[in-house]
Every structure is written in C-alpha cells, then in structure tokens.
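The annotation GTP binding site is assigned in Swiss-Prot to 19-26, 67-71, 125-128. As annotated by Swiss-Prot, S-geranylgeranyl cysteine applies to C214, C215, with the evidence given as similarity to another entry.
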Amino acid sequence: MGGRVDHEYSYLFKMVLIGDSGVGKSNILSRFTRNHFSLDSKSTIGVEFATKSLQMEGKTIKAQIWDTAGQERYRAITSAYYRGAVGALLVYDITKRQSFDNVHRWLRELRDHADSSIVIMMVGNKSDLIHLRAVSEDEGKALAEKEGLFFLETSAMEAVNVEEAFQTIITEVYGIVNRKALAAKEAAAASAPLPSQGKTISIDSAAGNTKRACCSA
C-alpha cells in the first residue's frame, strides 16, 4: 500500500471517489484539493484526478484522488480505476434516497475490484440541504458500522468535514503502511541467519573483549 517514488514526497496514496452521478463527488474533490466549489458543476466525463500533499510525522504524503462519473456507461473503466487504490470515498446524497440505497452496489463493486485492505469512508454529502434530507444521519452511521466503514456527513459547498474525510483515510492508510513496514522488518530480523562462528554478546560485555559480533542491518 503506497510507496516511495521520488524526493518530493515520501508516499503516494491513490484514492478513489465512487457513488451515483450527481452526489457531489467532483465538488468534494475540488474542495479538498483547490478549496473550490461550483454550483454549475457538470457530471464528470470519463476519469480525472487531482493531487494534494500533506505532512504527517515529518513525511510528505501525496494523495492522488481519482474521480469518475457514476453512470453505468463508464463501467468499462472499473478495473483500471480501482487498481492500486489504498483508500476510497463512497459518496451518497443525503437528499436522494436512491443514492443511499445504491451504496450496497457500489460497495460490492469496490470490494470485487480493489485490494482487500482498502480503507473506505462512507460520505453523506450535501449536509447543508438539511431541509431536503431524505436519509437520516443515524441511518448512515448504522450502515457504515455494519459494513465496517468510516462515516461522515459533509458539505462540499460549505466546506464541512471534507478535509476531515480525506484526512481520516490518509491517517489510517499511513498507519497500515507503518505497521506493515515494522512487521516486515521484524520478520526479516527473525529469519536472519546467525553468524557461523559468533556468539551472543550482551550490551554490557566487558569493553576489553577483542572478539566482536557482526551485526546485520
């Protein structure tokens, strides 16, 4: 999950936005990466992506976020779209019940095509349209808990919880990467062969010892 690529950043995390057309995926993306919102945002044609770099524990994390329209005619790009993704925002519109009902289908598609360890944040977007709400926050929380997903309601228009949604995924993925790196290091240390003629030397061995142990990096 993620990897070092060049000196400009320590890790590159690919993330995908999924959900029905019209739920506000493109505005969530533009709000996070450019702090921009457009009321006239049109449905995305094909695929586009944007990037944003964040600092975490002294390391630069570059998030590469892919966005595609939710219409059925773009199903052909599914495999390439999900390949290599370490995080996903599954977005529905709190004012459109159908978009919430379709979360199950999107989740199934995501799990069919993405890595099993992908971190998923379910997002109920357009929380500013409270007077038009068709899906309660409790319903969203309950479904997310049942499926083992993170959950937030957002407003791309009012910039509410958009940063938090991405930050949660990035923090979780970063933690997974670190745990895997530590596990790999411990496994390598455990399987390292012992020196053929060496002996165990404690750290408080006499300074006068002339025989030294050879250590592997």
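Including glycine, each Cβ sits where the backbone N, Cα and C put it.
This view paints the features noted in Swiss-Prot onto the structure.
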| residue | record | Cβ within 10 Å |
| --- | --- | --- |
| G19 | GTP binding site | 24 |
| G22 | GTP binding site | 16 |
| K25 | GTP binding site | 28 |
| T68 | GTP binding site | 21 |
| S127 | GTP binding site | 20 |
Give the helix, strand or coil assignment DSSP yields for G22 (GTP binding site).
coil
